[in-house]
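Novice: Submitted below is the structure of interest, expressed as structure tokens.
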There are 2 protein chains.
Amino acid sequence: MSSELSSLLVRDIGEQGLLERLQRFCPQDIVGDDAAVLPFPNSGQSLVVTTDVLVDGVHFSDRTTSPEDVGWRAAAANLSDLAAMGASPLGITVGLNVTGDTSVSWVEGVYQGLSDCLQQYNTQIVGGDVVRSPIVSLAITAFGQVSPSRIIRRNAANVGDAIIVTGVHGASRAGLELLLNPDFGKHLQNDERSHLIQAHQRPKPRLDVLPTLGKILDSPLPITLAGMDSSDGLADAVLQICRASGVGAELERTQILFPLVLHQFVTPDQAMNWALYGGEDFELVLCLPPEPAKTLVEQLGEGSAVIGTITTGKEVWLRDRADTFADERLTLNRGFQHF
Amino acid sequence: MSSELSSLLVRDIGEQGLLERLQRFCPQDIVGDDAAVLPFPNSGQSLVVTTDVLVDGVHFSDRTTSPEDVGWRAAAANLSDLAAMGASPLGITVGLNVTGDTSVSWVEGVYQGLSDCLQQYNTQIVGGDVVRSPIVSLAITAFGQVSPSRIIRRNAANVGDAIIVTGVHGASRAGLELLLNPDFGKHLQNDERSHLIQAHQRPKPRLDVLPTLGKILDSPLPITLAGMDSSDGLADAVLQICRASGVGAELERTQILFPLVLHQFVTPDQAMNWALYGGEDFELVLCLPPEPAKTLVEQLGEGSAVIGTITTGKEVWLRDRADTFADERLTLNRGFQHF
């Protein structure tokens, strides 16, 4: 080993740089989506697996989040990764690092939150490990099942596809703002405030979309499908799908919906920023031909919308049919940036 | 929440106490074995999942273990949990916590060790997550597949079953001793030393036993089967099986084999201690009726042996047919104790 190599530290290349170097240890065909997809032998079905690690002080904090919400949000994020692949959940495992000073009721609160969220989707914690450690950290692995013809991949968008969202964006980011700045939006009605805060503390993975989507895919002619979830923001989702599929997109600003109540306490520009870049709304962003896309939007109802079209080229543009805002080109650098 | 409850800390009840309290969040029928077993829908097959968390300074150390060996041992422990359930591996995920000061080559060494071990068993790393954290920690989830009729459970041992081991015990513990005390056993030949050290650094999960076992189970009459791996020691494995099955056992001291070379540098009593309590040999301990047990031992060959019999009652006794040693009653307290 050269001394140069051995002296390179994680801080020199960052988590993203390290992840890229580690990908050579994984099979190339199953890296780069929300979750790994493997054939489950002798079943004609696929197994879908996703892992998230959450560290106290980095991904959650005792000071701003109840243990029940830490658990709920962790479960929701993992179930959303399964939904993003088209998979139904089978269970999760939890690898827990706790310190000697961690309160038992805090740990039980996290598990209660995990269980509460999982129960909504008829699934459960099936195992795990608990170890003593200098820090508190949670490693969650969720696994699910999908029929190979129903897998949703990032890299399958085609020019001419409609881009749809399964719900409004920006609610989670607005809820976070209300938690961070209690004076902000204080003239909102209680149910409006709590709706936004709930969107942040108890996000809902869109597993409910899968049966509706499944019926539309059961057409005589095969329907191509691409997509992912919007956990890192709507802009990021569209950009990731376009990058993986080698295509571009045009989004129509007037079609990107945020909760109406946002008009009462932020500018339209701020609301659009939260919708595009806020993240953690856990909606699905799907690309499919215009006709089935329209049917899906109609069946999903309120909040679901066609927001744009897949184009040739590699650029993603946000256009304004109303001509109030200048056209804006979206880029991954901005998409990764959390406010 | 009462203030008494909220003030209880993890250090007050320990990891084992915490694990017991957390079991109420898991379905009762899938807790308490080496891994969780779930039906995989529409397949007639079962999915087996196991999770281990390893913390730097607790479960491994830079100072005594190369990163490649950390990776190999972590993969081997998880694959052994699958083998203990009768399951063939489909893949693992890795949730990695690293500090900014962690060397990139160390991380790559761990992944190399994981991959090297997995490759021996035709499986691989299929995904994971990397996060920055104040400590280094690895959460590994392994998943595998088993036909429901081939599942090996701890709680299925019957009175009259033969207890067999798939190989010798004590080699891993002896290898650790040679690493900790280089002067110890210095008159051993190089290949003898390296064989023992290899047993500690590169243990082999006994997935190779499953096809042989499968053929024996394919008999016209159904054969009952119980078992687990000996990762926490041979004594612990027998005691856990007996506790879960509500039975006792008699082990025959002369049948418990340790590597012959141990005679050259420790007393027979010390060698037997290592075999019974040393741990990390990753052999399988199986209980099945005497006839198929005998066939299995013959087919597995060297190192495999019938070591005792399942009895009524709940006690586990170590007898000495040669009458050199007094009968000894084994208990879980001692079994959990690592030297």
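Every residue gets a Cβ built from N, Cα and C, even glycine.
These numbers come from a predicted model, not from an experiment.
What TrEMBL records for this protein is below:
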- A:D34, A:T50, A:D81: Mg(2+) 4 binding site (BINDING)
- A:T51, A:D52, A:D129: Mg(2+) 1 binding site (BINDING)
- A:Y111, A:G128, A:D129, A:R154, A:S231: ATP binding site (BINDING)
- A:D232: Mg(2+) 5 binding site (BINDING)
- A:32-146: domain 'PurM-like N-terminal' (DOMAIN)
- A:159-315: domain 'PurM-like C-terminal' (DOMAIN)
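Each of these features: where is it, how hidden is it, and who are its neighbours?
Specialist: A:D34 (Mg(2+) 4 binding site) carries neither a helix nor a strand DSSP state and counts as coil. Cβ neighbour count for A:D34 (Mg(2+) 4 binding site): 24 (other Cβ atoms within 10 Å of its Cβ, all protein chains included).
Counting only residues at least six positions away in the same chain, the Cβ atoms of A:A139, A:I140, A:T141, A:A142 sit under 8 Å from the Cβ of A:T51 (Mg(2+) 1 binding site).
Counting every protein chain shown, the number of other Cβ atoms lying within 10 Å of the Cβ of A:D129 (Mg(2+) 1 binding site) is 20.
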Novice: What's the most sparsely packed of the binding-site residues A:T50, A:G128, A:S231, A:D232, counting other C-beta atoms within 10 A?
Specialist: A:D232
Novice: Among the binding-site residues A:Y111, A:G128, A:S231, A:D232, report those whose Cα falls within 10 Å of that of A:D81 (Mg(2+) 4 binding site); none is a fine answer.
Specialist: A:S231
Novice: Looking at the binding-site residues A:D34, A:T51, A:D81, A:S231, which ones have a CB within reach of chain B, meaning under 8 Å Cβ to CB?
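Specialist: Contact set vs B: A:T51.
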Novice: Rank aside, I only need the closest one: which of the binding-site residues A:D34, A:T50, A:D52, A:D129 has its C-alpha nearest to that of A:S231 (ATP binding site)?
Specialist: A:D34
Novice: Between the binding-site residues A:D52, A:D81, where is the Cβ count within 10 Å the lowest?
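Specialist: Across A:D52, A:D81, these binding-site residues, the one with fewest Cβ atoms within 10 Å is A:D52.
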Novice: Can you tell me the CA-to-CA distance separating A:D52 (Mg(2+) 1 binding site) and A:D34 (Mg(2+) 4 binding site), as a whole number of Å?
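Specialist: The Cα atom of A:D52 (Mg(2+) 1 binding site) is 11 Å away from the Cα atom of A:D34 (Mg(2+) 4 binding site).
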Novice: Just the number: how many Å between the Cα atoms of A:Y111 (ATP binding site) and A:D129 (Mg(2+) 1 binding site)?
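Specialist: Computed Cα spacing between A:Y111 (ATP binding site) and A:D129 (Mg(2+) 1 binding site) is 13 Å.
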Novice: Tell me the coarse DSSP state (helix, strand, coil) of A:D52 (Mg(2+) 1 binding site).
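Specialist: In the DSSP reduction, A:D52 (Mg(2+) 1 binding site) maps to strand.
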